[in-house]
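Engineer: Mind having a look at this structure? Questions to follow.
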Amino acid sequence: MASLNSVSVALVISVMVSCFVVALGGNFHQDFDITWGDGRAKILNNGELLTLSLDKTSGSGFQSKNEYLFGKIDMQLKLVPGNSAGTVTAYYLSSQGSTHDEIDFEFLGNLSGDPYILHTNVFSQGKGNREQQFYLWFDPTADFHTYSILWNPQRIIFSVDGTPIREFKNAESLGVAYPKNQPMRIYSSLWNADDWATRGGLVKTDWNLAPFTASYRNFNANACGSSSCTPSSASSSGSTNSWLNEELDSASQERLKWVQKNYMIYNYCSDSKRFEQGFPPECGINPTA
């Protein structure tokens, strides 16, 4: 009987540990599949660099081999330089189907000298329309910068170079669906969206400048696999999984307010013309400057 108990304990520990996926300084060959683009997406430098390209014929994209159900995901990106008007570089987590969940970073290109717009959104059970948009406080085309998604059962935090720019809290108590049951893959693509991306579609893509290229490196994932993880299993598995209970401390809250005060250019929770009948319920609990 003692040996059977030992086997049971070992099995529980194995299942608990195996639900975590850790990719530190991940290799793109090991962690991602190129999914479209007919050779326009390339994995270089022994798997340490990935580039996506866009020309008049096609864009390109990739997705993660693993699915994740909660996690802290980091990726370094260097965006299309120069006149990137009409282009969109999308980097996001998503499940599939009409009731999918999704956590979005989208980088909307612009004319040379004008700032990129960082567009964020959160979908739950197929419902999105939760847009917040930002300018960045640096040139995202000059060097690589880290774009992070922290997703745990209590909140989703979008960060840039470790600075939080947006927090979306779990508002299930208010009747708002929250992404918590559907494993999501990481997706990224570079594509032409000149019908809407730059100044509402007024500025078109200049194909004389093609190909347009975005670059990726230093992917890190500290996450649950497709099996659900709980805060208790995280604490049992070690401090590296503290993200499952992570929240913004007072210093991070001040940095979030700084970004939202100085760099936020659109917040759906402030768009009274759009929501004439009242703002969505989650707007009352999610921080804005």
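Glycine too: its Cβ is placed from the backbone N, Cα and C atoms.
Keep in mind it's a predicted model, so treat the numbers as computed, not measured.
From TrEMBL, here are the annotated features:
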- 6-26: transmembrane segment (TRANSMEM)
- 22-216: domain 'GH16' (DOMAIN)
- Glu102: active site, nucleophile (ACT_SITE)
- Glu106: active site, nucleophile (ACT_SITE)
- Asn110: N-linked glycosylation site (CARBOHYD)
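What does the local environment look like for each feature on the list?
Structural biologist: Counting every protein chain shown, the Cβ of Glu102 (active site, nucleophile) has 19 other Cβ atoms within 10 Å.
Just so you know, the Cβ of Glu106 (active site, nucleophile) picks up 19 other Cβ atoms within 10 Å once every protein chain is counted.
Cβ neighbour count for Asn110 (N-linked glycosylation site): 20 (other Cβ atoms within 10 Å of its Cβ, all protein chains included).
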Engineer: Distance check, please: Cα of Asn110 (N-linked glycosylation site) against Cα of Glu102 (active site, nucleophile), rounded to an integer number of angstrom.
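Structural biologist: Glu102 (active site, nucleophile) has its Cα 25 Å from the Cα of Asn110 (N-linked glycosylation site).
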